[in-house]
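Features reported for this protein in Swiss-Prot:
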- 1-27: transit peptide (TRANSIT)
- HIS135, HIS139, ASP346: divalent metal cation binding site (BINDING)
- LEU157, VAL158, SER159, GLY160, GLY161, ASP190, GLY210, GLU214, SER317, ASN318, THR345: substrate binding site (BINDING)
Amino acid sequence: MFQSCLPGALRSWSRGVFSTSTRPRLVLGIETSCDETGAAVLDETGRILGESLHSQKETHLKTGGIIPLVAQRLHRENISRVVQEALNRSAIEPSELTAVATTVKPGLALSLGIGLDYSLKFVRQHQKPFIPIHHMEAHALTVRMLHPLDFPFLVLLVSGGHSLLALAKGIDEFLLLGQTLDEAAGDTLDKIARRLSLRNHPECGTLSGGQAIERLAKEGDRLAFHFISPMGQNYDCNFSFAGLRTQITGAINKKEKEEGVEAGQFLSCVKDIAAASQHTVASHLAKRTHRAILFCKSKGLLPEQNPTLIVSGGVASNEYIRQILKIITDATGLHLLCPPSKFCTDNGVMIAWNGIERLKQGKGILSYSEEVSYEPKAPLGLDITSEVKEAAIKVPKLKLRTNS
């Protein structure tokens, strides 16, 4: 946990950080946890004054996945430009900033290091407070920038690197209800897309793996293949996608032999496999989320008025998965909120907003002279997954069908 500065260290800049002046405080957010170099300037109302984002997606599509050394090099080449663009678009000088917020955990070590090194040099040069940010906390709280939402609320975070369920009780207080035991949902969808050679598909050349699956699934028959939803007899909220990917890979291998398809060619049923894969991933996410809702209700952890499920992270951009989750929230009386797709994927805006949240409450604000380290692995909140498992809540069956 990050320690706030001692009063003596705060003296030189506390007036600006904790000022009651009517002039809005401004935070520069910097994101480099994986393969997006992002920066944004926000005021304390959540107004985006300027932002910039450099995506490495096209490079990593060509290499078949994220190579940490390549990601590091691209962050190094682009971070100065991206930050300067965000400042220029906001018409804000560094001297006008109240603080700088940067992702320091979790993520790829080499990527985190670029963002942290740049940020520490920046805050020392301009003598600005530094706010270290937990990447998953930022995803969880992004929706509060767009909607008036009080704590507590349930959060499902699904991306290429993470799949977890947590109860958000405060800006830095979370209860971890479930997490992936192997690979994340987004990683699974990306690997299935690579196995299907969707990079070469005429409809999918510029899309990420998950986006390609979603695109083709719209014209596929999800009932053409039956994949077993993982962990059906495990009454907890953890996720597991590796076994599902093995099932799907087996089906692809079988069909390739039947059709005589060689590597790089497409199966005639590629859209059906995409649809069935997407549905099974969505179903697994939905069932674990359903149990998390029932657990939270049984323990009185959700408010009676306007209980809410937030879905964020890159996979939350998938409209089909959102629709399946809406079936669960409708059945359990929860309100479903998802950030716009542009804020589901990694960006500087969510980091700046998390900095604003911390600034308002005076939490985790460090002096520019303090030493900070990045953490490639970092849990989210207090782990109560064993308590969830002990509750052994059985989830009633629901028909997970959509109109699309």
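Placement of Cβ uses the backbone N, Cα and C atoms for every residue, glycine included.
Recorded features from Swiss-Prot, shown on the structure.
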| residue | record | CB count, 10 Å |
| --- | --- | --- |
| HIS135 | divalent metal cation binding site | 27 |
| HIS139 | divalent metal cation binding site | 30 |
| LEU157 | substrate binding site | 25 |
| SER159 | substrate binding site | 25 |
| GLY161 | substrate binding site | 21 |
| GLY210 | substrate binding site | 26 |
| SER317 | substrate binding site | 25 |
| THR345 | substrate binding site | 25 |
| ASP346 | divalent metal cation binding site | 28 |
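Under the DSSP three-state reduction, LEU157 (substrate binding site) is assigned to strand. Among the binding-site residues listed here, namely LEU157, SER159, SER317, SER159 has its C-alpha nearest to that of ASP346 (divalent metal cation binding site). For the pair LEU157 (substrate binding site) and HIS139 (divalent metal cation binding site), the C-alpha distance works out to 7 angstrom.
Between the alpha carbons (Cα) of SER317 (substrate binding site) and HIS139 (divalent metal cation binding site) lies a span of roughly 13 Å. Here the C-alpha separation of THR345 (substrate binding site) and HIS135 (divalent metal cation binding site) works out to 11 Å. Here HIS135 (divalent metal cation binding site) is positioned 11 angstrom away from GLY161 (substrate binding site), judged by their C-alpha atoms. Using the Cβ center of HIS135, HIS139, ASP346 for divalent metal cation, the list of other same-chain residues with Cβ within 8 Å runs, in sequence order, GLU31, SER33, THR103, MET136, ALA138, SER159, GLY313, MET350, ILE351.
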